[in-house]
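Remarks on the structure that follows.
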Amino acid sequence: MLRITDLSIEKINSLLDSADEFANGKIQRATQDVFVANLFFEDSTRTKTSFDIAQRKLGLQVVPFDITTSSLNKGESLYDTVKTLKSLGIDLAVVRHPKDKFYEELKSIGLPVINGGDGTGNHPSQNLLDLMTIRQEFGHFKGLKIGIVGDVKHSRVANSNAVALRKMGAKVYFSGPEKWFDEGTIINGTYLSIDDLVKEVDVLMLLRIQHERHGEKMKISLESYHRKFGLTVDREKMMKEKAIIMHPAPINRGVEIANSLVECGRSRIFKQMQNGVFARMAILKDALEAEGFQFG
Amino acid sequence: MLRITDLSIEKINSLLDSADEFANGKIQRATQDVFVANLFFEDSTRTKTSFDIAQRKLGLQVVPFDITTSSLNKGESLYDTVKTLKSLGIDLAVVRHPKDKFYEELKSIGLPVINGGDGTGNHPSQNLLDLMTIRQEFGHFKGLKIGIVGDVKHSRVANSNAVALRKMGAKVYFSGPEKWFDEGTIINGTYLSIDDLVKEVDVLMLLRIQHERHGEKMKISLESYHRKFGLTVDREKMMKEKAIIMHPAPINRGVEIANSLVECGRSRIFKQMQNGVFARMAILKDALEAEGFQFG
Amino acid sequence: MLRITDLSIEKINSLLDSADEFANGKIQRATQDVFVANLFFEDSTRTKTSFDIAQRKLGLQVVPFDITTSSLNKGESLYDTVKTLKSLGIDLAVVRHPKDKFYEELKSIGLPVINGGDGTGNHPSQNLLDLMTIRQEFGHFKGLKIGIVGDVKHSRVANSNAVALRKMGAKVYFSGPEKWFDEGTIINGTYLSIDDLVKEVDVLMLLRIQHERHGEKMKISLESYHRKFGLTVDREKMMKEKAIIMHPAPINRGVEIANSLVECGRSRIFKQMQNGVFARMAILKDALEAEGFQFG
């Protein structure tokens, strides 16, 4: 599981079905010992913890791995570290790494690797939980209008979500500061001003401003960002009756979204987190079954 | 479980009975999956590890959470972090935080939170293990004389222990550097000089000098502290025959207490640690049963 | 388990037999709750993770202990930390520490401690997995020629491996920069030039250059080390037909060994890691059985 954009419509639907089953209380556990490790080279609360909980719910053995006290400090490469874990008996690794496509160099090792986020590349388990949350709400993707707003350039979900959503039949719109749209970034959708976009869409996906990826000092103040591109209290009132708000979190409250809207009636932000555990259970089970492991 | 001082005498006795049962070998495990997380924003060996062991003995699933590699580094608030954990399926959190009453802002989330120590406020699981250790020794609290000595101002157990012990019927005395006693801190007991106090009490509770909370450079040398306010070898000889020594640890050996006395016959310091696991089992079981979880 | 050199031939053979049984798929689990903790005061991937996996395979409860967020930061000593863990109910600790013979001061505590590496002293679980890998290959030690090459002075396996291998009947040769051989270090073997040594030996044990232990700036460049003392592509061709290559890892690729040889046909480097889990299972089971714990 490296990129959502590699998956067929059938595969995506089958993973979403599996995730929904877990959300509805289905219990499945590995019928033998399975050892997994989570290697996070970037900070994470949601992704790491929800993979961890998903693994425990599936009855897997989670072997702790702390990159800050590992032999990576002695100069050991990612390749040698992952090959070592395989030698030690780890059956699957979840890896988040700041390098785009870090997984390419790991392929020859033969250990199943789930991409927990690569650089500004992909974040397939986030994609899947986003799709899951939309499908739960509307029952389908066909003809839905999805708005993706914000720091598209530094986001590893914006573009992959756009590609996946179009594949599933949705229509995609973008908004946000124009300098954050490289040539080609909006190839998969239409750019609208934020005021036009909020009136149009069924799903408003807000992106986090990734301070930690902006090398240069941001030229725009956070207050000004909120006023010009954020979901203000006034803009929320312009949204369609059944439209929902999504955000991958962590949220910069008062920047991408007004503080008071984070837990409002249309917000699915904490629902997304809840779904994240079930989406990851589906991904893990699928990857392990492909290796011959069984669940019962 | 946020403050020992909120609990009735009956509730304290019932928790102590439950802790004693665990100490006597009673085995109880959750009858379903229960996920817990321990969020420690301050260093800890005893409290964190003993909560962890208590949780495992109760058959709970302990989901690792390392604040240093979480999205707290991306500016996520404590509120959003705890709300996230609840969304991910965490059933109970133990939190230690440097902010007094950090738990107030978490109440609306609806996740059971056990206070593992808040600022210079409270530390109820330490209170309970202290009470447990005293009751094991004397069988009751009525009329017992308890001396609390040292850095009362920066201690989160001194004042809450004093209140709880008086409620249970004991008499409380304080000693230590006078400048470490704010107005009001000795409202719950009587100040004595250390030489008078050691002769008087049945229980001598020494407090750790919390170097890390003394913003200003301490104006007294450690040797001088030991001589003026510590339990020296000579002062120990003045204690009553059956009197015991307690300390929440970590100990500054040779400061609050002479090195050779740490493991002497009257010392219950390591017994306190042992009891800490059982006291925390009682607290966890009580909190989870209040949420409808069952143990068998 | 503190030093391999303390063990009799019979004991070593019995541990190797037990490790081989685990390698061949034998499953054994503790018949009651056993709590263990791994205290690593130096970075580690292989040793820490393989102890952790070995513990889980034996059905032990691994209680996380992170030295960086413990009360060691408040000045608590190693002695008090380990005594605390025993009080909390930990049944066995694995400890790696930069101080030679750190375990001496812990003996009075009465907690079984397995040495996960002490300073430049010993590393008995690495010794055992090295012996296991050699015995698997040749079926015996008698008359085998073993070459140990490199940073003998800073290695905690070189000298103890030499002593153990001679005890088992093998002949030991050393090579590497002469200034890295203190008086006495080659007492247990014969010094040869690297070009002579590679032709002679059945087992070539390369040692890692421990940059982190070289206080002074190394006076030799890494390229020059490789050319003068490393296993180059050319030197590998001079090795005997059935000779094998070993390295405790992490590997400095292109320094101790040419990059292309790390995974060559004679390399047992990743096999060593695999064996490490089984060797540690044997060590843990042996130590716990000595305490009266049972496995079934």
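For all residues, glycine too, the Cβ spot is worked out from N, Cα and C.
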Of the candidates C:R96, C:R227, which does TrEMBL annotate as part of the carbamoyl phosphate site that also includes C:R46, C:T47, C:H123, C:Q126, C:A249, C:P250?
C:R96
Inter-residue C-alpha distance, C:R96 (carbamoyl phosphate binding site) and C:R208 (L-aspartate binding site) (nearest angstrom):
18
Where's the emptiest Cβ shell within 10 Å among the binding-site residues C:R46, C:K74?
C:K74
By DSSP, what is the split of the domain 'Aspartate/ornithine carbamoyltransferase Asp/Orn-binding' (C:142-284) into helix, strand and coil residues?
58 helix, 23 strand, 62 coil
Using Cβ atoms and a cut-off of under 8 Å, determine which of the binding-site residues C:R46, C:H123, C:R156, C:R208 neighbour chain B, and list them by sequence position, or give 'none'.
none
For the binding-site residues C:R46, C:T47, C:K74, C:R96, C:Q126, C:R156, which residues show a Cβ-Cβ distance under 8 Å to chain A?
C:R46
Around the Cβ of C:T47 (carbamoyl phosphate binding site), how many other Cβ atoms lie within 10 Å? Please give the count over every shown protein chain.
24
Across the domain 'Aspartate/ornithine carbamoyltransferase carbamoyl-P binding' (C:2-136), what are the DSSP residue counts per state (helix, strand, coil)?
68 helix, 22 strand, 45 coil
